[in-house]
Ligand code: 5GP
Ligand code: ZN
């Protein structure tokens, strides 16, 4: 989608080191971290937000959470040392569905 910063990152118009890169999902560090560990997990398909999720996205969302699991293990965040916040789809947010994995100082985050 034009003018979507995450689509530009996914299409490599903006250079970014990916922590995970599959056919359907990428993950990269948040540019302005709100926690010791702050990773964005982003579906490659431009889904605006939660309101745009349809049943056809079931497998994609499973891969998103499998990616979360991998990143949790890689960063030793098992045993509930993390939170996942899902954003997108409004003027206040980057309008491309994304999942924040927040770890470390998680007690400050709810
Ligand atoms: P939200 O839409 O979840 O409110 O905020 C978007 C998030 O994406 C913010 O945490 C912000 O720091 C991050 N972000 C915005 N632009 C970029 C970018 O160009 N690169 C990276 N790595 N993160 C970004
Ligand atoms: Zn997009």
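Positions of Cβ are set from backbone N, Cα and C atoms, glycine also.
TrEMBL annotations:
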type     : residues : note
ACT_SITE : 98       : active site, tele-AMP-histidine intermediate
DOMAIN   : 5-110    : domain 'HIT'
MOTIF    : 96-100   : motif 'Histidine triad motif'
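Per-residue pLDDT, averaged across the motif 'Histidine triad motif' (96-100), gives 98.
Under DSSP, the residues of the domain 'HIT' (5-110) split into helix, strand and coil as follows: 33 helix, 26 strand, 47 coil. Residue density at residue 98 (active site, tele-AMP-histidine intermediate): 23 other Cβ atoms are found within 10 A of its Cβ, drawing on all protein chains shown.
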